[in-house]
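Beneath this line is the structure, given in structure tokens, with notes to follow.
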Amino acid sequence: MYSFMGGGLFCAGVGNILLIVSTATDYWMQYRQSSNYMHQGLWRYCMPGKCFPHSDSIAHLDATRALMILSLLACFIGIIIGIMAFIHYSSFDRFDKTFAAGILFFISCFLVFLAMAVYTGVTINYYGKRYGNWRFSWSYIIGWVSVVLTFFSGIFYFCAYRMHECPRNANSH
């Protein structure tokens, strides 16, 4: 059980760090315009030597930002509850922390998956039809890696929950 919880905490910790890096950096997409490479993130777009905040409230960027921040919060709270389960902190007797941490990691996975899907769909439909020389960049790729890590942290915590519950259920019969 502890090995699953340790693996879940490791995946969640790395996933949360990658979520922070992905959300905060400006390399979600790179494109070439008039022989210069430019890049943009969720908060700013950058030309050679200078970055500017997105001045317009662009709906897909707002949705992606909100979903990424909610995912960060769910993952962080899941890590706190996962640590509490790991050290047997029991302020609630009927509250199974391994199950709650697994649920929070799956919620985080779902939210970051939605954020990435929204960004991907709009970017491909908009830039794919208008510009020929663009590509997704490393911040975007890190976002997808965090989807996988938060998913596996949820799997690990659900396995720990099942291992913890099976002996309890066998003794009750």
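Note that Cβ sites are derived from N, Cα and C of the backbone, with glycine treated the same way.
If you look up TrEMBL, you'll see 7-29 (among others) marked as transmembrane segment.
TrEMBL lists 66-87 (among others) with the feature transmembrane segment.
With a threshold of 8 Å between CB atoms, the same-chain residues lying at least 6 positions outside the transmembrane segment (99-118) that come near it are 8, 12, 15, 19, 60, 63-64, 67-68, 70-72, 74-75, 77-79, 81-82, 85, 140, 143-144, 146-147, 150-151, 153-158, 160-161. Per TrEMBL, transmembrane segment is recorded for 99-118 (among others).
Annotation source TrEMBL lists transmembrane segment at 138-159 (among others). Within the chain, the transmembrane segment (138-159) has long-range Cβ neighbours (under 8 A, six or more residues past its boundaries) at 4-5, 7-9, 11-12, 14-16, 18-19, 21-23, 25-29, 41, 68, 71, 75, 78, 82, 98-99, 101-103, 105-106, 108-109, 112-113, 115-116, 119.
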